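Below: one structure, written as structure tokens.
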Amino acid sequence: MYRAGAVLLRGATRTRLLAAASAHQSFATFSQRNQSILMMKSMELAGNSGERRFYSTHDDPIAVDDSLELYKDLGGMSPIQVPADMPNVPMLAINRYPLFPGFIKKVDIVKDDNLKALIRRQLSLKQPYAGVFVKRDDENKEETITSLSEVYPTGSFVQIIEVRDQGSVLELVLSAHRRIRALEPIDEITPKNETPLNGRRARGKRAASATSPLTPPPSPPPLAPSVASVAPEISATEEKEEKTTPPSATGEKQKKGIIMVRTENVVAEPVPKNNETKATMMAIVQTIRDVVQFNQLFGQQINLLLHPSQNVIDNPVYLCDLVATLVQSAETKDLQEMMDEIDVSKRLKIALLLIQKEKAVAKLKYDINKDVEKKVQDHHRKYLLNEQLKVIKKELGIEKDEKTTIIEKIDERIKTLAVPEYALKVINEEKTKLQFLDPHSSEFSVTRNYLEWLTSVPWGLTSPENRRLSVAKKALDEGHYGMKDVKERIMEFIAVNLLRKSIGGKILCFHGPPGVGKTSIAKSIATALNREYFRFSVGGMTDVAEIKGHRRTYVGAMPGKMIQCMKKVKTENPLVLIDEVDKIGGAGFHGDPASALLELLDPEQNANFNDHFLDVPVDLSRVLFICTANEISKIPGPLRDRMEMIDVSGYLAEEKVEIAHQHLIPQLRKDTSLATEQLKIEDSALEELIKHYCRESGVRNLQQHIERIFRKAALQIAEQQNEDEEPAEKATTAITENSEAEPITSTSSADCLKSSAEQIVVCTENLQKFVGRPKFTSDRMYEVTPPGVIMGLAWTAMGGSALYIETVLKRPVDLTNDKDGSIETTGNLGDVMKESVRTALTVAKGILAREQPDNKFFDKAHIHIHVPEGATPKDGPSAGVTLVSSLLSLALDRPVVQDMAMTGEISLTGKVLPVGGIREKVIAARRVGAKRVFLPNENRRDFDDLPEFMKSELDIRFVSHYDELYEHLFQ
């Protein structure tokens, strides 16, 4: 692989180079040229990163035959003349930039051993010449080619003026003399008698040197032991005598690569001497000078080369080669076009175009660098001025340093706070530490951040709490309908604080189905108590640091949610709502957040809550914590034990209608600007909406459907207004165009007002136009239940619902079969419910054996029990009595009393045990139209707490044993 660099030499008066070692050369000139050779050898030749060009700093060209260190077998410093015609030369294929005559390039041969051997043999034969050609593909990194089509046909005949042979790498410094054209590849043929060119003349040369009247100075010592410099010179006569015999075998070498090629010299056409040529050359010279202004690195050398005394204007060929070597932004094909061209006029035009492009690129680069440098200098200047200004202000006492400002700010905060002694001690220690830290250090930022958080805690600050019960009751009733238990508990809380004459905290948990107002009631409570409100959700939280903060040694450390809350509300007695506490993430890599809440929600511990970031106890005993949850069974036991549980049940249809009238519809009228005169929703439409569209326990879905009605009505009114405005606009336009038309009357305007004032009434007949088809077409799955089908009552996170139990025979009962019967369950049942099935089967067998001893139904029957809606998981023990009734109904082949529902857990002896969710189940029974409901006797107290309107229209039967229910099962 080649690594190339270039050194610029003058090509004019090249014939003077042949006299470098002659006796008539002065010693001063010889020493000067030796110095130039030393300078050239000391240059660091460029690598793969691109070409670096160096220029001579003296007028005379560097003599390539002055003091060059040759191979040891080359003999003395006998000059070798460059042959005018040498057709067979080794081929060197390079990348990117062509090598033009009069210039130098460094080439390394690394991989190809055959090419290395050929170059070494040529050097030993004192034939240090080669042909350099540019590859067409810049990505081709091979050192040899397999076909001449891979390179451009025109290249340069070069002389190897310096060699560094390092074994694995052969470093060559090439000096180009003329342009050549590659004709065909040839095979390398080693002559039988390899005699050095100067071998036969060595003795004669030494004799001539001895008899010369002027002895030239001795050659200088070699520059480096590994450097071999070759600058052979032979006369034209000797070159003719020693012509190389052309090889007999030609052709492209596909496997080993082309390393030797037959060439011919490229002869340029005569230079036209006219004004156009001179003008073009002068334009080129001037453009080169302009380019040098933007790149001062080689400005002095180029200006010397372009000096009028050098007569560059008389050598257009060299000027074109100079331009091709100077340009750095040109493409390979553009440079090769100049190499191929033999018409000097065209070459000058190509050179002018290239140097003008280079000028544009150089100017753009210069402008960019200048802008960047200006910005850097301006920034540096501003920085220095700011630093000087700070020092001046500090000396004059106008401004204090950053540390003093921070400490004074902290002291101002402390004056308004009642900071405890232990916290004040930590603050003073950190202030002292801050004074000795460098403001630019990371520890300074950590300490300052810690002090800011520590002084942001509202130590001893509390907001005045409302203790007027009437005001609190009014605030709660205005925001929410119903929720009797919640409102009573808050009133009790206010009463206790009133009697204690102090501000206290509490930990409450509102649990119930979604959409019943658990989260919104918390904000109303904060308003009623005149406390600051802060909410954060722990649903899906998996990191303990969200609650207790990070260690402040961590990068980007922050305190937990409670400290952030205290900083925001600026009081020690806010109302903090912890939402979705039943959906908190489990224990993981970052700890267990549920366990972290234990300290926060424990009344005995939160008076000294320790955040990891502050590492100072903070009093949270005055905070009123309110948690919300849908299912309390998912809350960890220790955490549930620390909270006071308050059930927020679902709403009946009547309650939903009242909520819609008192809260939902007024709020939507305010949001949509639709007055009562524009839209009216009848009660029958609301009841239909609740019954067939929104059966959930909450009112969130009901709110969405009512909002949809308002949007449809708003669209209808807006369209009507646009239709009424368009005729009026057209009439106004017509009057403007025709001034003689009759004046417009106010009839259309009155009609528009009348149309816009028409009221939209939503009733049961047009409800589907606004909200679509009903989602629930029937209240119950069975209007008449067959044998084996019983309606039970279930309680889910969405509220109460009817749960049917279906029991059928898989095949007819064969009493003669010796095999026992079986039972199968489907419907996505949980483990507890599957156990209830087995328990119910045992109880049913006992009752059937008692009532009909001869009935062997359960011994031989293959029974299948299914609970509909199999996509919904079902679990729990409350379906025990329903399962027993279903099995007995199937065994006796008798349907139970219609419009009957039941719930309760069954024991193995038939005892009916209490269950939860009585309110939700009673609501579900009313919704599906059940008339008789069986409840466990121990749930009587829960039923008594229900409002009277909820108990009406229901025949409630309380049972303690299943026998009591069995007596009324088939009546």
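Backbone N, Cα and C atoms are what each Cβ position is placed from, and that goes for glycine too.
Going by Swiss-Prot, these are the annotated features:
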ACT_SITE  S878  active site
ACT_SITE  K921  active site
BINDING   G512, P513, P514, G515, V516, G517, K518, T519  ATP binding site
COMPBIAS  214-224  compositional bias 'Pro residues'
COMPBIAS  733-749  compositional bias 'Polar residues'
DOMAIN    89-359  domain 'Lon N-terminal'
DOMAIN    784-971  domain 'Lon proteolytic'
REGION    190-255  region 'Disordered'
REGION    718-749  region 'Disordered'
TRANSIT   1-55  transit peptide
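Overlay of Swiss-Prot annotations on the structure.
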residue: G512; record: ATP binding site; CB count, 10 Å: 26
residue: P513; record: ATP binding site; CB count, 10 Å: 24
residue: P514; record: ATP binding site; CB count, 10 Å: 17
residue: G515; record: ATP binding site; CB count, 10 Å: 21
residue: V516; record: ATP binding site; CB count, 10 Å: 26
residue: G517; record: ATP binding site; CB count, 10 Å: 23
residue: K518; record: ATP binding site; CB count, 10 Å: 26
residue: T519; record: ATP binding site; CB count, 10 Å: 17
residue: S878; record: active site; CB count, 10 Å: 27
residue: K921; record: active site; CB count, 10 Å: 29
Reported as an integer number of Å, what is the Cα distance between T519 (ATP binding site) and K921 (active site)? 23
Using the Cβ centroid of G512, P513, P514, G515, V516, G517, K518, T519 as the reference point for the ATP site, which residues of the same chain not in that list have Cβ within 8 Å? F510, T628, N630, V648, S697, G698, R700
Whole-number Å distance separating the Cα atoms of S878 (active site) and K921 (active site) is 11
S878 (active site): secondary structure state under DSSP, collapsed to three categories: coil
Take the C-alpha atoms of V516 (ATP binding site) and K921 (active site) and report the distance between them in angstrom, rounded. 16
Pop the mean pLDDT for the domain 'Lon proteolytic' (784-971) in here, whole number is fine. 89
Where does K518 (ATP binding site) sit by DSSP, helix, strand or coil? helix
